[in-house]
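Here Swiss-Prot flags 57-80, 143-166, 182-206, 278-296, 333-356, 372-398, 420-442, 518-536, 576-597, 651-673, 711-716 as transmembrane segment. Here Swiss-Prot flags Cys560, Cys569 as [4Fe-4S] cluster binding site, drawing on sequence analysis. Under the heading chlorophyll a' binding site, Swiss-Prot lists His662, citing sequence analysis as support. For Met670, Tyr678, the entry in Swiss-Prot reads chlorophyll a binding site, with the evidence type sequence analysis. Sequence annotations record features per position, and here Swiss-Prot assigns phylloquinone binding site to Trp679 based on sequence analysis.
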Amino acid sequence: VERDPIKTSFEKWAKPGHFSKTLSKGPNTTTWIWNLHADAHDFDSHTDDLEEISRKVFSAHFGQLAIILIWLSGMYFHGARFSNYEAWLSDPTHIKPSAQVVWPIVGQEILNGDVGGGFRGIQITSGFFQLWRASGITSELQLYCTAIGGLIFAGLMLFAGWFHYHKAAPKLAWFQDVESMLNHHLAGLLGLGSLSWAGHQVHVSLPINQLLDAGVDPKEIPLPHEFILNRDLLAQLYPSFAKGLTPFFTLNWSEYSDFLTFRGGLNPVTGGLWLTDTVHHHLAIAILFLIAGHMYRTNWSIGHSLKEILEAHKGPFTGEGHKGLYEILTTSWHAQLALNLAMLGSLTIVVAHHMYSMPPYPYLAIDYGTQLSLFTHHMWIGGFLIVGAAAHAAIFMVRDYDPTTQYNNLLDRVLRHRDAIISHLNWVCIFLGFHSFGLYIHNDTMSALGRPQDMFSDTAIQLQPIFAQWIQNTHASAPSLTAPDATASTSLTWGGGDLVAVGNKVALLPIPLGTADFLVHHIHAFTIHVTVLILLKGVLFARSSRLIPDKANLGFRFPCDGPGRGGTCQVSAWDHVFLGLFWMYNAISVVIFHFSWKMQSDVWGSISDQGVVTHITGGNFAQSSITINGWLRDFLWAQASQVIQSYGSSLSAYGLLFLGAHFVWAFSLMFLFSGRGYWQELIESIVWAHNKLKVAPAIQPRALSIVQGRAVGVAH
């Protein structure tokens, strides 16, 4: 650690652009404000010193954590101050969650709908109520305390960010000590983090949820600290607590099976995963990561060395294998970030799919709006992270890649046969696009000609997803075969099991897959492959291409390769990120359409006392979604028309947002299709008029560059 490396100066920070010689001189044209935003956090452009860059990134992480904690604190505060949480807790099947009441200004109070129990407010779909119930929060006071705790923690984070940059800044060697970092992150963050959460679940969540499920009034349930301090209270609910740690040390672990279970399926009272299953899961995860956190060699001569592992990693056809990658990952934070974003993005999308198929919190499964919101949220976040991975991989290629140290290793070999990779990927995209779209067009044509017997459908020419059905079947039959102690499969969606209904609403049931899913699946494959094609091309051609051999010298983002080189605009790595983002939006839109229609058609709905299920859209997915016309008529129009007709009701905000979102979308296209010269000419005639009237601005207006225009377009 280096002491007092940089003094704290508010005067310096107050000056816009203090991090750059050019920008700190102040504005000449309006481009200055764009560059200010573009470069403020581009630490590479402030200095070449890797240690200084590392310290800035490290310090910024604390700031990021502070922002997250302040946001979370706000969520908990709203739950404490403005919500009907206690009412919802006492009757979660009839009362809807609300944590915002609109003030009566210019008639906006129309937005406050009746959410049940005499409470009028906006219904929320964030899933916080369900999460709070699962973690054992029973009163608004507890939410207040947590909110205050969050703010205190945020303050600590802000202090830590300042302290570790201005007072005690780590040296470069500390940032590059990967084995120590792996040990501490795996054992500390993931291992002890999971263990402490498992502990909280056992001692607080389990007993409180057990009593809530049994219908005990939340106000009569003992407070969390009483369960922790008084073991007899827990022993009344879970008898093995009376035995203490004896079964643990005598290896009779099965004694604890009253609160560490392996049941599978859902709790029929709440429609959520069995809390005893999730405790068991977190305990197991903790053990795994605590072991993993002792695997890497630091002060003693045992354990893995990452450099040795990477350099030993050679295949028969891969030349030098992973030699040289260790140096890349310890000197290029962009390369490190690219890998982490790709993995975290993929994981986030996996989470999106588990939130509905294995709903982790009580009553989450019957709150359809929240289910849809959580799925959409996690899909979008995952998409952004994956595009970010490609962006930072390209920045690594332009700024940090040194071809002289990477000879005949895997990265070098991938770069050398990039033409084969990209052209094959291109062929795959063409194949998927024409075939998947062709299946729909065929169906539309046959439908229009009145020949249903010649359509691809479950009732005519079947294209059943046999592999997906085989996987479903394997999982559905697992409990009796591979997991004999489990009473149900991991997810009810696999099949076999009965449906779970809570409060006359379907929580979950086996999801049938048919021709319609097979068709839309190939649209997913198509859009994902196009996204990958664009992003990967951006990375592999970031340094050079046949068109522009010296691309690396032009940087990560540039509009064109100078005058006289026609057709070289929009070829920078940045432009590939832009186009990739565009296709990521395309891909995720189809995913969200598929999810919301499939769930409304085949899963969500009400159940009568006789056990008859009525789905929201009456099971029309299998026959309607096999034509383009069906998607337009029975999904997009059928659902959008309800939103558009919401004016004058408490849902009117959504109608206005719907309209506004399309306006913003159209606005973005204006920037994307704009001709820069056209705007520059327009601006200059307007400036001339200002000059005539002696009201000309001191800062000369300038049309957006291509890169800036695309930035505005993509943001909208």
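A Cβ is built for glycine as well, from the same backbone N, Cα and C atoms used for every other residue.
Known features from Swiss-Prot, placed on the structure.
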residue: Cys560; record: [4Fe-4S] cluster binding site; DSSP (3 states): coil
residue: Cys569; record: [4Fe-4S] cluster binding site; DSSP (3 states): coil
residue: His662; record: chlorophyll a' binding site; DSSP (3 states): helix
residue: Met670; record: chlorophyll a binding site; DSSP (3 states): helix
residue: Trp679; record: phylloquinone binding site; DSSP (3 states): helix
Restricting the comparison to the binding-site residues His662, Met670, Trp679, which residue's C-alpha is spatially nearest the C-alpha of Cys560 ([4Fe-4S] cluster binding site)? Trp679
Looking at the binding-site residues Cys560, Met670, which sits with the largest number of other Cβ atoms within 10 Å of its Cβ? Cys560
Here the binding-site residues are Cys569, His662, Met670, and the Cα closest to that of Trp679 (phylloquinone binding site) is found at Met670
Near the transmembrane segment (57-80), which same-chain residues lie under 8 Å Cβ to Cβ, leaving out any that are not at least 6 residues past its ends? 41, 43, 99-100, 126, 128-129, 132, 140-141, 143-144, 146-151, 153-155, 157-158, 160-162, 164-165, 170, 175, 333
Taking only the Cα atoms, work out how far His662 (chlorophyll a' binding site) lies from Cys569 ([4Fe-4S] cluster binding site), in Å, as a whole number. 28
Sequence-distant contacts of the transmembrane segment (651-673), meaning Cβ under 8 Å and at least 6 residues beyond its ends, amount to 110-111, 113, 122, 640, 643-645, 704, 709-710, 712-716
Long-range neighbours of the transmembrane segment (182-206), counting only residues six or more past its ends (CB under 8 A): 134-136, 224, 227-228, 234, 237-238, 259, 275-276, 278-279, 282-283, 285-286, 288-290, 292-296, 298, 306
Cβ under 8 Å to the transmembrane segment (333-356), counting only same-chain residues 6 or more beyond its ends: which ones? 53-54, 57, 364-365, 371, 374-375, 377-379, 381-386, 388-393, 395-396, 399-400, 508, 595, 599
When you scan the chain for residues with a C-beta under 8 Å from the transmembrane segment (143-166), skipping those not six or more beyond its ends, what do you find? 4-8, 55-56, 58-63, 65-67, 69-70, 72-74, 76-77, 79-81, 85, 132, 137
Can you tell me how many other Cβ atoms are located within 10 Å of the Cβ belonging to Cys569 ([4Fe-4S] cluster binding site)? 13
Measure from the Cβ of Trp679 (phylloquinone binding site) and count the other Cβ atoms within 10 Å, all protein chains considered. 16
